[in-house]
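Enquirer: Pasting the relevant annotations from Swiss-Prot:
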SITE      23  site 'Transition state stabilizer'
SITE      29  site 'Transition state stabilizer'
SITE      147  site 'Positions MEP for the nucleophilic attack'
SITE      203  site 'Positions MEP for the nucleophilic attack'
């Protein structure tokens with residue numbers, strides 16, 4: 001579903017990938033390989049058919065892996081700083097912000113997200129919480145937290161670029177840090193649409209996550225077929 005080339009891209013995928021990957025312990029996480037292909041390369045390949053350009057924020061001194069259809073900039077000191085630089089590096093009217101460490105992005109999720117952005121200007125992929133939640137007291141069971149109405153936020157997230165630039169400028173002026181971009185919009189009173197996500201959009205953060213990603217590649221390489229009815 002590649003859009004025709006224009007001098008000013010309509011939609012851009014922006015991937016902040018300048019993190020150190022401390023918890024995984026294998027160097028910059030975006031460059032960690034799963035079945036011989038980096039997390040970053042997999043994420044770019046998933047998004048590229050649906051956007052006009054892909055821009056990636058990398059650590060200083062690092063280059064994109066060979067063959068990755070994107071352009072690179074130097075990221076900031078934080079994820080929030082990297083996203084701000086990415087926003088300034090594109091002229092696209094609509095942007096998708098995606099974690100490189102979520103390499104398995106089902107096409108139907110991307111399409112649903114794009115529809116939601118067109119309708120509302122701000123949307124994020126998320127999943128209703130299914131697990132029992134408890135607030136711990138030290139190492140002990142504390143208070144049960146009702147899960148009704150709770151969603152686990154994923155990426156990609158999508159926005160009208162000007163809206164997100166305003167939110168980042170406000171956050172910088174107020175020295176406010178958020179864990180994701182939808183949170184920056186929400187604090188300005190912007191309604192962010194929740195788009196049903198997918199369990200395969202988990203974030204590779206720990207060695208256990210990496211093992212799961214390795215197992216999943218046997219189902220996705222060469223096509224997307226991990227649940228009945230999805231096209232290979």
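Start at 1 and count along the chain as shown; that gives each residue its number.
Keep in mind that glycine also has a Cβ here, set from the backbone N, Cα and C atoms.
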Enquirer: Could you give the Cα-Cα distance between residue 203 (site 'Positions MEP for the nucleophilic attack') and residue 147 (site 'Positions MEP for the nucleophilic attack'), in whole Å?
Expert: 21
Enquirer: If one measures from the C-alpha of residue 29 (site 'Transition state stabilizer') to the C-alpha of residue 147 (site 'Positions MEP for the nucleophilic attack'), what distance in angstrom results, rounded to a whole number?
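Expert: Pair distance, Cα basis, whole Å: 31 Å.
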Enquirer: Under 8 Å Cβ to Cβ from residue 147 (site 'Positions MEP for the nucleophilic attack'), same chain, six or more residues apart: give me those in sequence order, or none if nothing qualifies.
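Expert: Same-chain residues close to residue 147 (site 'Positions MEP for the nucleophilic attack') (Cβ under 8 Å, separated by 6 or more) are 129, 130, 131, 132, 133.
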Enquirer: Which entry in the list of recorded sites, 29, 203, has its Cβ near the fewest other Cβ atoms, using 10 Å as the limit?
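Expert: Minimum Cβ neighbour count within 10 Å, taken over the recorded sites 29, 203, occurs at 203.
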Enquirer: Is residue 29 (site 'Transition state stabilizer') helix, strand or coil when read with DSSP?
Expert: helix
